[in-house]
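Colleague: First the structure, which I've put down as structure tokens, then a few questions once you've had a look.
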Amino acid sequence: MPIITLPDGSQRQFDNPVSVLEVAQDIGAGLAKATIAGRVNGERHDACDIIEQDATLEIITAKDEDGLEIIRHSCAHLLGHAIKQLFPDVKMAIGPTIENGFYYDVDLDRSLTQEDIDAIEKRMLELAKTNYDVVKKRVTWQEARDTFEKRGEPYKMAILDENIERTAMPALYHHLEYIDMCRGPHVPNMRFCQHFKLQKVAGAYWRGDSKNKMLQRIYGTAWADKKQLAEYLTRLEEAAKRDHRKIGKALDLYHMQEEAPGMVFWHNDGWTIFRELETFVRTKLKQYDYQEVKGPFMMDRVLWEKTGHWQNYADLMFTTQSENREYAIKPMNCPGHVQIFNQGLKSYRDLPIRMAEFGSCHRNEPSGSLHGLMRVRGFTQDDAHIFCTEDQIESEVTSCIKMVYDIYSTFGFTNIAVKLSTRPENRIGSDEMWDRAEAGLAAALAHNGLEYEIQEGEGAFYGPKIEFALRDCLGREWQCGTVQLDFALPGRLDATYVAEDNSRKTPVMIHRAILGSIERFIGIITEEYAGFFPAWLAPTQAVVMNITDSQADYVQKVAKQLSDVGLRVKTDLRNEKVGFKIREHTLRRVPYMLVCGDKEIAEGKVAVRTRKGADLGTFTVEEFAEILKNQVRSRELKLLNEE
């Protein structure tokens with residue numbers, strides 16, 4: 001007679017073992033109809049699963065995050081059901097959930113077209129509309145293998161052979177005539193899977209191994225209701241408009257080419273933004289008492305072996321040889337900073353030493369993962385390393401956290417998710433060292449009153465870290481900043497200081513990055529601002545234009561006046577209508593357009609318009625210069641009279 005304890009603390013007693021759905025029915029018909037699955041003693045179970053002993057139970061519905069994930073997982077099965085009906089010879093591989101959706105890897109002897117995807121989606125909807133029940137059956141390992149052998153599913157057989165114990169009882173989910181294997185849980189009825197959209201097809205190797213066969217990966221998104229789906233698709237449309245690759249090309253910021261995959265060719269305007277970011281960060285380095293250094297971008301293999309990178313990071317490092325010596329191009333700056341620290345005797349009185357670098361790093365990322373500025377092979381880190389005593393950890397990490405929020409707020413990022421990543425399986429250093437490092441970061445977060453999520457096993461191989469993820473205007477998260485404790489690397493590279501008792505001690509090293517990769521950060525803010533950079537970042541801050549040739553000299557004079565006070569200004573003296581010029585520079589997202597006609601010349605003024613079409617009236621050149629200088633100096637996000 002199981003006693004079921006519900007989330008509100010109430011209990012229900014049953015005479016016999018009872019399913020999750022039967023408990024929901026006992027509570028009420030409305031809840032039963034909404035039941036997708038249940039959390040029994042904290043673990044997710046199908047609605048049909050039987051509870052035999054006393055347990056806690058939380059009913060999962062479409063309103064829960066878990067419920068939405070289950071809907072998406074079941075939509076992957078629905079995709080399998082539909083494609084198997086349309087293409088009976090297709091071989092099914094895996095179909096997991098991902099953020100906002102799902103995918104299924106399939107093996108088909110021809111490439112799927114958009115027409116095929118449309119047909120699959122149509123068939124999925126037709127099947128879902130029949131509201132059929134999903135039937136779960138536990139079978140022996142051999143029964144499962146026999147089932148998939150008869151159905152001609154080699155990938156399912158491989159999963160059984162390689163990933164599932166012979167003593168296990170796998171769950172098979174029956175979707176009418178279609179059968180899939182999964183840990184579950186899944187929806188009890190396809191009425192929950194009505195709001196989805198297939199999005200694209202991409203290539204994916206079986207098991208993620210390039211030595212294996214290339215499969216076709218069909219991506220889709222699924223939501224609990226029509227409104228959620230529509231809102232998500234609208235966000236996708238907006239994201240496509242804001243794609244930094246598209247905007248970067250339109251604004252002539254940079255380009256990439258086959259001869260240098262993952263490497264950025266910065267054009268003048270893009271490089272202007274890059275340098276402005278560096279200048280801004282430098283002002284903060286001075287404010288927070290950092291010294292700026294520059295290390296070599298290539299060092300001998302011997303050094304990388306000492307640090308542990310050669311053993312733990314070799315696949316991502318570019319290497320070369322010269323005069324019988326093997327070198328690695330640095331994937332990160334930290335070993336070089338330790339070498340600088342090691343030059344000359346250091347005392348505890350010298351600590352903390354805060355060492356910063358705009359370091360040019362290279363990582364041999366897989367070609368398939370490269371994506372515009374967001375995932376590159378060559379990048380610049382706004383990197384810093386702080387050498388300190390254990391007693392200084394909390395205050396130094398606190399200072400880093402303050403600096404992170406200080407810098408992010410300048411760009412308008414105030415919604416920041418904080419995550420603490422703990423020790424990975426593949427790591428260096430003792431457990432005791434990791435205990436101290438993780439406790440130190442947790443203490444600093446607590447001291448600053450920050451809520452954070454723990455990411456088990458996601459730390460770097462040399463230390464735990466705090467990650468700062470920016471949430472942009474579309475609700476996406478971008479992990480940029482990190483603060484990482486390292487008790488291991490200084491010792492490996494023989495870094496010491498003279499302690500107060502005259503003994504030699506190893507300093508603690510704090511790795512700190514805020515923008516992360518400057519390239520990637522430019523990609524992020526390009527999409528956040530949709531290319532409408534604030535005046536201080538805009539490559540061209542104002543364009544001065546004439547109406548007729550008679551104003552050309554005045555235009556040149558105004559432009560020189562503004563340039564002389566440090567503003568980035570261009571002239572447009574083309575023999576085109578002024579409306580055409582305004583439209584063109586509006587498309588180029590230039591913050592201000594200054595029009596000079598005979599009236600403006602007579603008054604010694606300029607007529608000012610913004611890129612959003614606002615007519616600000618006329619100003620003397622001195623007045624406008626002061627306004628724009630103040631906006632640049634204070635790094636304002638908005639233009640004049642802009643909401």
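Every residue gets a Cβ built from N, Cα and C, even glycine.
Sharing the feature lines straight out of Swiss-Prot:
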- C334, H385, H511: Zn(2+) binding site (BINDING)
- 1-61: domain 'TGS' (DOMAIN)
- 243-534: region 'Catalytic' (REGION)
Colleague: Across all the protein chains here, work out how many other Cβ atoms are within 10 Å of the Cβ of H385 (Zn(2+) binding site).
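Modeller: Excluding its own Cβ, the number within 10 Å is 28.
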Colleague: With every protein chain in view, how many other Cβ atoms are within 10 Å of the Cβ of C334 (Zn(2+) binding site)?
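Modeller: There are 25 of them.
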Colleague: What count of other C-beta atoms do you get within 10 angstroms of the C-beta of H511 (Zn(2+) binding site), across all chains shown?
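Modeller: Result for H511 (Zn(2+) binding site): 23 other Cβ atoms within 10 Å.
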Colleague: Starting from the Cβ centroid of C334, H385, H511, which together make up the recorded Zn(2+) site, report each further residue of the same chain whose Cβ lies within 8 Å of that point, ordered by sequence.
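Modeller: These residues sit around the Zn(2+) site: M332, N333, H337, D383, A384, Q484, D486, L489, M509, I510, R512.
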